[in-house]
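What follows is a set of notes on a single structure, which appears directly below.
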């Protein structure tokens, strides 16, 4: 994928860049794999905002993605590479030999006509899925399960991958995109390869309107608010110490710069060998 820059004909196009979509082979999605997507506007079931800066945006359908890859030993042919408005990665439409159709995350290098498969012992080839116990050390993997059978949860965004670093007993050690080194059970599945569309991070929206199309609302700085609205509000001018402040905080008073917020009693903490911010 390449990034396409626009001519600076207007202020909105001066800094804007778009994906070239050159890898897309089909413009209309598979209707049997679509479900309506209702927008929440960042509200929970009580109507209260739980995720700020969300709302509006273009209407979308949700594409049902096969994160579990549990259709074992049934070969599938890649029928199309498609755009998915709900994620940064591209998706691939698979036609299985028994007639079933499924979407998967499209790894880099996957092309229309390729054949892929899932199972305990399948070929080490881009797009194939198998348990970590059968994947060679040093292999780049994505769509990794944290709990066997639950479906992939890690390394799913554009350009993401983890490296299978070691295996010892019932655990495999992975180096994740964040830099975190973490253990997971060897029965957990992962897909071979790197997620495609790696240039996504280089795209510049160029104007506020494109954020609104994506459902992202404006974000007001805490320092620009009043003390009643934010712990960092108040003070005269751009005061960093006025209003009784000492440290930057979230709107709910949690320290925002460097303070660890993970619960130390969480059971999976012992599986993290090295944190993502460790030096």
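Every residue gets a Cβ built from N, Cα and C, even glycine.
Since the structure is predicted, the reported quantities are computational estimates derived from the model, not experimental observations.
What Swiss-Prot records for this protein:
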- 232-242: compositional bias 'Gly residues' (COMPBIAS)
- 259-279: compositional bias 'Basic residues' (COMPBIAS)
- 223-279: region 'Disordered' (REGION)
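Long-range contacts of the compositional bias 'Gly residues' (232-242) within its own chain (CB-CB distance under 8 A, at least 6 residues past either end) are made by residues 222-226, 248-249. In terms of DSSP secondary structure, the compositional bias 'Gly residues' (232-242) contains 0 helix, 0 strand, 11 coil.
Residue counts for the region 'Disordered' (223-279) under DSSP (helix as H, G, I; strand as E, B; rest coil) come to 7 helix, 5 strand, 45 coil.
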